[in-house]
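Feature list (source: TrEMBL):
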DOMAIN    B:83-149  domain 'HMA'
TRANSMEM  B:166-185  transmembrane segment
TRANSMEM  B:205-225  transmembrane segment
TRANSMEM  B:237-254  transmembrane segment
TRANSMEM  B:418-437  transmembrane segment
TRANSMEM  B:443-470  transmembrane segment
TRANSMEM  B:735-755  transmembrane segment
TRANSMEM  B:761-786  transmembrane segment
Amino acid sequence: MSVIYLLISISIVVAIIFFIAFILAVKKGQYDDDYTPSVRMLFDDELIHPKVEKPKIETPTTL
Amino acid sequence: MQNCFHCGLDIIKEERIIFDEKDFCCNGCKTVYEIFSLNDMTCYYDFEKSPGATPLDIKGKYDFLDNEGIVGKLLEFQEDNTAIVSLNIPHIHCSSCIWILENLQRLQKGISTSQVNFPEKKVRITYNTEIVSLKTIVHLLSSIGYEPYISLENYETGKNNVDRSLTYKLGLAFFCFGNIMLLSFPEYFEVKEYWLDNYRPFFRWLIFALSLPSFLYSASGYYVSAYKSIKSGMLNIDIPIALGIIIFFIRSTFDIVMDYGSGFFDSLTGLIFFMLLGKMFQIKTYSFLSFERDFKSYFPIAITKINADSSEESVPVYDIQKGDRLLIRNQELIPVDGILMSEKAEIDYSFVTGEAIPITKKSGDKVFAGGKQMGKVIEMEVLHSVSQSYLTQLWSNDVFQKEVEQKHKSITDTISRYFTPILLLIAFAGFGYWIFIDANIAFNVFTAVLIVACPCALALTAPFTMGNVLRILGKKKFYLKNALVIEQLAKVDTIVFDKTGTITTNKKSNISYEGKKLSEENLILVKNVLRASNHPLSRMLYDFLPESKRYKINDFEEITGKGIQADIEGNQVQIGSASFVGKSEDGNIQQTTVHIKINEVYCGKYIFNNQYREGLANLFEQLSHNYQIKVLSGDNEGERDTLESILPKQTELVFNQKPEQKLEFIKKLQEEGKNVMMVGDGLNDAGALAQSNIGISISENVNVFSPACDAILDAGEFRKLNYFLKLSQKSISTIKMSFALSLLYNVVGLSFAITGNLQPLVAAIIMPLSTVTIVSFVTIMSNFYAKRLK
């Protein structure tokens with residue numbers, strides 16, 4: 001019978017947890033710059049790229 | 001023509017450098033590429049084609065960073081060995097920039113992290129003070145073409161607090177609104193079920209609890225503003241809003257307590273959310289621009305002082321005292337007024353006046369703060385400290401002292417002056433009518449009127465129109481400080497232009513020749529000699545002369561303040577001032593001239609006239625129909641005839657205006673009841689820009705610095721000024737139309753309220769419906785006008 005109290009309370013608590021997460025994110029300044037992160041996330045792959053390619057270039061020169 | 005692999009500029013054939021199978025325009029660019037390729041960082045060039053900038057010579061420029069006191073003032077954070085500094089780097093413009101600046105730790109030991117804020121063009125560097133100094137970091141950045149801009153403005157800024165309260169309020173309002181909406185659904189459908197009836201109180205009290213944060217915190221700004229406006233006797237739009245919200249809440253609470261119904265909490269929280277959303281939308285900031293700049297952002301932080309024992313020392317600019325001897329290097333800004341001790345100097349006052357051609361000063365001449373030193377190192381003796389210098393004194397004027405919170409009344413406030421009394425009248429009339437029939441209904445009607453008339457749509461109209469127009473203008477490179485500026489633009493009736501740098505451009509010069517005709521061979525000689533000189537006049541003249549063959553130059557000599565001479569193919573060529581070529585100065589000294597002498601024979605002179613901006617005559621012609629136009633100039637009357645021939649007849653021309661006089665000129669016009677718009681560029685216009693109802697600063701490069709103003713206009717878009725003015729007027733009429741529409745909604749809502757039939761569901765439908773129609777109406781209308789106007 002009282003399961004509705006439990007369910008709604010849980011759903012509200014979950015909502016509040018997400019809300020607190022949002023507030024913390026704003027407080028830390030994560031929303032201050034909404035452009036740079038969108039570019040930054042594309043870099044990770046590029047970083048590995050030269051390291052992999054480097055030995056390939058060097059081997060013919062040493063041979 | 002090939003482009004440089006690093007910076008993308010055209011490569012002059014003879015200077016081309018080939019390195020690693022790539023072409024570079026100069027050694028600087030090549031060096032940067034070398035640094036990157038040595039450190040395995042060439043994917044810098046993968047993200048964007050030729051993203052770089054040529055590193056400039058900065059020898060000695062940042063010596064002041066050895067002074068720990070100064071460094072301490074620049075740092076954002078410092079504890080033990082860890083320090084954090086935020087540097088402003090104007091060159092940041094693409095993803096390659098972000099990549100390289102966030103990988104600084106691979107170039108320099110001691111840097112632990114660096115993070116770019118692209119919109120603000122800033123990089124935040126965390127480093128270990130034991131291993132690396134700020135000076136080394138700044139040198140590293142400069143050497144890869146990312147020279148930071150450090151000015152007096154950075155001094156004592158430290159950590160600045162960002163106001164994020166609107167984001168919190170909006171987030172909270174959305175949270176409450178969303179949850180209440182969900183919990184309200186059972187009530188909307190009013191299914192007569194035992195199960196629902198049983199839990200009704202639980203749902204209702206939960207909704208009540210959820211509305212509290214929104215009511216108490218998110219809407220708090222409206223209560224404060226309403227209270228302030230009542231106190232000052234100015235009825236603004238926030239009064240009916242605050243009143244509506246409070247009545248909303250009390251009535252809804254009352255309904256729940258007495259078990260009359262579910263209350264209007266859904267509409268209440270929705271209203272708060274939408275209005276905050278409007279506020280958020282209106283705030284469009286161009287974080288890479290600053291509208292609050294004064295002389296501080298131009299002036300250096302520290303300067304080299306020569307002590308009595310002739311040792312050199314970096315001292316903060318504020319510590320300079322009268323009688324000190326200062327050393328000013330090439331490209332450094334003179335921070336104080338003083339007397340030149342060195343023999344000769346070339347000073348570029350373009351920051352101050354907009355005039356690009358440097359002025360020559362002799363030993364013993366007065367030099368004024370704000371000039372940029374060009375050429376060899378000079379020494380000067382200080383006459384006034386920073387705050388008492390000629391230019392900086394302007395900032396002690398009252399205009400800069402008071403922080404005017406709201407200079408002008410907004411259009412919404414004007415309407416709400418009538419709106420609030422009428423609303424109260426209707427509410428009391430309804431109450432008065434029903435009280436004789438049924439006290440209960442009378443109370444309901446009274447509150448319902450105030451609820452339904454809560455000018456949500458009215459309050460949303462202006463923010464959404466202005467916010468949208470602000471974005472449209474921003475796309476067209478006209479950057480406004482805030483939305484209120486649009487209203488001011490629409491009201492302008494008098495436009496005052498500065499001359500130098502505003503209606504003239506310092507990029508190009510109109511060059512004409514007077515004297516004996518130069519033979520083709522001589523022209524080639526002159527062009528070749530000019531090639532070697534870096535003086536702005538030489539560069540301009542060089543670009544002006546036709547392309548030619550190249551000769552080898554011998555014995556090239558550049559004499560500061562006089563001219564250049566060289567031996568070329570056996571010919572002696574002298575180019576420079578009249579006295580330099582041994583010709584007596586003729587009467588007309590108002591012109592900028594360059595004289596030519598070849599093999600001891602005087603040939604003639606090139607005259608540099610001001611080049612007026614493209615489309616100037618056309619723009620003034622259009623503007624003169626609707627506005628009074630005036631032109632102010634700090635220069636002498638030399639250009640009067642030319643100006644009179646270009647500009648419409650009724651244009652008033654005023655010459656020889658000092659910065660304070662420009663300010664007074666604007667003030668006088670305002671006292672005559674005019675709404676004045678000032679268009680200027682240099683620091684000498686700063687006073688006039690601040691005094692005017694709306695100050696627009698013209699900038700050749702918006703990333704570079706412009707004086708404090710209400711709007712920044714990209715110089716290339718200058719001729720569109722009339723379009724911008726028209727668009728702002730149209731946006732005001734859009735707002736007026738939308739006001740009519742929202743009043744219509746109010747009438748419909750009121751007819752429900754006054755008859756005592758306002759159900760929660762009706763309110764929950766009318767409210768979002770009016771919001772959506774108003775928002776889409778103003779967006780469509782302002783976009784339509786932006787397209788249609790030409």
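Just so you know, glycine gets a Cβ as well, placed from its N, Cα and C.
Beyond the ends of the transmembrane segment (B:761-786), by six or more residues, the same chain brings 184, 188, 264, 266-267, 270-271, 274, 451-452, 456-457, 460-461, 464-465, 468-469, 472, 727, 730-731, 734-735, 737-738, 741-742, 745, 748-749, 752 to within a C-beta distance below 8 angstroms of the stretch. The transmembrane segment (B:443-470) and the transmembrane segment (B:237-254) are in contact, since at least 3 Cβ pairs between them lie under 8 Å (pairs 6 or more apart in sequence). Tertiary neighbourhood of the transmembrane segment (B:418-437): same-chain residues 235, 237, 239-240, 443, 445-446, 449-450, 453, 455, 458, 750, 753-754, 756, selected by CB-CB distance under 8 Å and a gap of 6+ residues from either end. Sequence-distant contacts of the transmembrane segment (B:735-755), counting only residues of its own chain at least 6 positions beyond either end whose CB sits under 8 Å from a CB of the stretch, comprise 411, 415, 426, 430, 445, 448-449, 451-453, 455, 457-458, 461-462, 465, 762-763, 766, 769-770, 773-774, 777-778, 781.
Using a Cβ-Cβ cut-off under 8 Å and counting only residues 6 or more beyond its ends in the same chain, the transmembrane segment (B:205-225) has close neighbours at 169-170, 172-173, 175-177, 179-180, 183-184, 236, 238, 241-242, 245-246, 249, 252-253, 256, 262-263, 265-266, 268-269, 272-273, 275-276.
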